[in-house]
Ligand code: LIP
């Protein structure tokens with residue numbers, strides 16, 4: 001895969017680093033320790049092990065690039081220009097419960113924008129990658145978003161923003177409106193895989209009212225490079241420094257999805 005701001009050789013090595021670390025998650029009985037960060041947010045020995053392995057290997061490969069990981073932001077130094085942004089296990093609850101639907105998500109961020117991204121599902125051995133201006137790929141093959149132009153042709157996916165219970169009424173009323181407008185809804189509990197499944201046309205719209213940047217940085221680039229659109233719920237560009245609600249789509253139905261969500265907020 002060719003890349004822009006990141007050297008092509010380094011990009012290839014990074015993909016291998018992510019895959020190697022991610023495979024640990026798919027081993028039977030990999031989860032041995034579970035810690036509750038809150039009633040709805042968990043971290044396991046696998047999250048820590050994957051993060052540490054990737055952090056260490058990236059430090060060897062790109063010693064001058066700061067690193068931020070979901071399970072510790074302590075490594076971050078100056079992130080004003082470039083940095084690595086990692087969710088070692090996106091879909092930790094799925095991993096704990098044996099619902100084989102989790103991913104490693106890594107983005108290289110330059111000037112506040114993702115310019116290289118990898119989302120690796122170790123259970124299916126599917127590796128989604130993208131580089132700005134170059135395209136999006138699944139296991140090296142080019143991918144594109146779907147071409148449905150009406151919501152009533154679309155399969156939508158929703159995240160429930162489980163850590164933001166104050167948003168629950170809004171989340172479920174938006175889900176109901178989207179369900180009424182679309183063919184059907186899915187809820188699978190792994191934001192990065194929802195995004196890359198938009199990128200390869202398995203899904204057409206994805207909405208979650210609150211996420212952290214490491215959940216969407218890589219997936220956002222992969223969707224954009226596959227021809228889709230990713231915005232905040234108000235249509236603005238999602239920040240990679242603060243969390244955001246996310247609407248991702250094949251592009252054709254994006255305005256219709258935003259209008260529906262706006263109509264819901266107005267009620
Ligand atoms: C989780 C997501 C999940 C979303 C949660 C959470 P984690 O990430 O991918 O789909 O609903 O808000 O962010 O905590 O497993 O990395």
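Just so you know, glycine gets a Cβ as well, placed from its N, Cα and C.
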Quiz item: 87, 89, 215 bind Mg(2+) 1 in TrEMBL, but which of 70, 71, 110 does that record place at the same site?
Solution: 70
Quiz prompt | Around the Cβ of residue 89 (Mg(2+) 1 binding site), the count of other Cβ atoms that are within 10 Å | solution = 32
Practice problem: Could you list the residues of the same chain, at least six apart in sequence, whose Cβ is under 8 A from the Cβ of residue 87 (Mg(2+) 1 binding site)? | Solution: 69, 70, 104, 105, 106, 192, 212, 214, 215
Quiz prompt | Chain-internal residues, separated by at least six, CB under 8 A from residue 90 (Mg(2+) 2 binding site) | solution = 102, 103, 104, 105, 119, 190, 191, 192, 193, 214, 215
